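Asks: Per TrEMBL, the features are:
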{"type": "DOMAIN", "residues": "A:20-497", "note": "domain 'Cytochrome oxidase subunit I profile'"}
{"type": "TRANSMEM", "residues": "A:23-47", "note": "transmembrane segment"}
{"type": "TRANSMEM", "residues": "A:67-95", "note": "transmembrane segment"}
{"type": "TRANSMEM", "residues": "A:107-127", "note": "transmembrane segment"}
{"type": "TRANSMEM", "residues": "A:147-167", "note": "transmembrane segment"}
{"type": "TRANSMEM", "residues": "A:188-211", "note": "transmembrane segment"}
{"type": "TRANSMEM", "residues": "A:231-253", "note": "transmembrane segment"}
{"type": "TRANSMEM", "residues": "A:295-319", "note": "transmembrane segment"}
{"type": "TRANSMEM", "residues": "A:348-367", "note": "transmembrane segment"}
{"type": "TRANSMEM", "residues": "A:387-407", "note": "transmembrane segment"}
{"type": "TRANSMEM", "residues": "A:419-439", "note": "transmembrane segment"}
{"type": "TRANSMEM", "residues": "A:465-486", "note": "transmembrane segment"}
{"type": "TRANSMEM", "residues": "A:523-543", "note": "transmembrane segment"}
Amino acid sequence: MASIAARARPVAISTDLSVERKLAGINIFIAFAALAVGGLMGVLQILRYNGLDLYTPSKPLLPGGYYQGLTVHGVLNVLVFTTFYIIGFLTYIFAKSLNRPLASSRLAWATLWVMLTGLVLAAIPLLTNNATVMFTFYPPLKADALFYIGLTLVVAGTWLLLANMIITRNAWLADNPGQRTPLPAFMAIVTMLMWTISTIGVASEMIFLVIPWSLGLVGGTDPVLARTLFWFTGHPIVYFWLLPAYISWYTLVPEQAGGKLFSDPMARVSFILFLILSLPIGMHHQVTDPGISEMWKLVHAIFTFGVFFPSLLTFFNVVASLEYAGRRNGGEGWLAWIFNLPWGKPEISAQIVAMMLFAFGGISGLVNASYNVNLVVHNTAWISGHFHLTVGTAVALSFMGITYWLVPHLTGRQLWSRGLAVAQPWLWFVGMGLFSHFMHELGLRGMPRRTDIGGAPYVQDEWRFFLFFAMIGGLIMFVSAIFYYLNMIMTLTRGKKLAEAPDFSFAKALSGPEDGPKILDRLLVWVAVAAVILIINYVPTILDILSTATFDVPGRRVW
Amino acid sequence: MKDKKFISYLFEVAWILPSVAIPVSMLVAILITAFAVGVRVPTTAGRVSVSAVAAGADSTFSQTGLREIAPGRYEAIITAQTFMFTPNKIEVPAGSKVTFILTSKDVIHGFKINGTPINVMVIPGQVSRVTATFDKPGEYLFVCHEYCGAGHHVMYGTVIVN
């Protein structure tokens, strides 16, 4: 009897999110510490491109010079900064949106510890010039085994968060029968599902190919198989970076702008499409690879065009939400409502600036994915220009924008300088606008990426003009970063203690989840669809490579 | 209220239709350039033994250089290794159609000839095979565009078209 009574009247569920708050704070702190080091490397690079060599004086700290610095830049910015930030942010957003802590706080702490252990292990060879292999670590370049083991642990740590989310959501569904999963939690779990499925690629590369080979257990490897497995994860990873920014744009920005989300069902549809279409498109990074058939390259290009569609849905939905906010704030006209958005809020200005530059990044991304058009741009500075707009702005600037409200919320301290915070995104806009524009130009003129241009004997005269302006852009970004870090350090140490930490709420929707079909929430169905499409798009190529692979290419340390 | 819903529905349709039409028409354009005009991307061209190539024992790659296989048709056999292409200078008359056949002796390299559609990865154990026609006389720079180690930035060559 007692047990039936207990079941009928469940004990009150804890709403204590102190663990999630701590985890968000720690992860985001690690993320920005990594970005500080990684970003500084970028400054050295753009100066070196213009003949100012700071690598010689940095020799004691950076024995590997340009290429070690570039590896640090890539690993810290796109692997460490992004992953730690995302895990911290999603942990908290997920729990906050369900208004309950994660099912297992032990598992939540284990997530952090596994990732942090991995980071430390990978950092040792990275910082001692024993892993100067770029963040793509294409074999036969062979780093110290610790580098690969460490990165694998970082990825494995992220799986624990998905496990925790699934258990927590199931418990929530049991307590709230028939209810729709709140949109932020839904988006967070879809992001983690997509990411975890995608990591099958890089995890297999690490566990079956690279780690045994770097430990000397096997003598050789197969570079094309390794590349294919890498890009199996390597394109979906860009959606792993982007979707958390989208979560903020969909579920927080409309509220912060003083409006509502235009359509909840449309947002769910776009995330389901991201789950399905982000995965089977990695080979558009391998358009110029020998050993992979033209036909599958074309199929992956077509699917990449497909994933453009949910991004356009997102564009419509987010802009419609902003328009609603602008009109609620008294805005009128076709476009004049834009001026009625609360531009004085740094979280708003940062994220809208991020969206604006992202539009251009999306367009250059379509060029990259366009099958034979890729021949013009592959491995040129164009690509660097492209992803500095996407991960370097849409993602990084949104993540900075989020901290302008999240840090006061988590710490109970007021932002040290609102003025600096409002100016910072605009400086980023100008700096990144210049930098990425001229990198695109340089790429079209044949300048290779990931190359120590300052030491190259073949620099073309016409490159020098563009390199100069790319440097100006880079330096403006550097000033923007100083504004950001100064503000954050001062907020954490000197920020005015508030009587009560400012709370936040998620945006309400003009058209709520009840307007969309329930099947949108049936995640298993969509995972199954994604799996089938993924298998069709990858198994033939992988079997084809395996059928001729000889695994006899030895590793090299060439730096 | 009903009207308002209908209007926002119209807006959604007005956005979604171009959202489908734009990528589809871009795709059609790509298919035309690829299969009607013939701008194709590199594809599978067979494997080689990396140890045989490195030892100079591979029948194709032991004899690097340019050879004329028919009037105006050339084959250039090139090996890539840290940090050089062999050969790094290729001279052909204007109007030549040249097929470049490459492989790597060590790590992954890249091969892009500026001013042409040639852009291919050069991977140990794999044969890369790409073709271009050189109509305009001049010097065409080709660079290694994949990080291949400490001297990556000095790895380049030229195609001279007379």
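Here the Cβ of each residue, glycine as well, is placed from N, Cα and C on the backbone.
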Asks: Counting Cβ pairs under 8 Å that sit 6 or more residues apart, are there three or more between the transmembrane segment (A:419-439) and the transmembrane segment (A:348-367)?
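Replies: When sequence-distant Cβ pairs are counted, the transmembrane segment (A:348-367) touches the transmembrane segment (A:419-439), since at least 3 lie under 8 Å.
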Asks: Could you tell me whether the transmembrane segment (A:67-95) and the transmembrane segment (A:147-167) have 3+ CB pairs under 8 A, leaving out pairs under 6 positions apart?
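Replies: By the criterion, they touch.
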Asks: What is the pLDDT of the domain 'Cytochrome oxidase subunit I profile' (A:20-497) when averaged and given as a whole number?
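Replies: When the pLDDT values over the domain 'Cytochrome oxidase subunit I profile' (A:20-497) are averaged, the result is 97.
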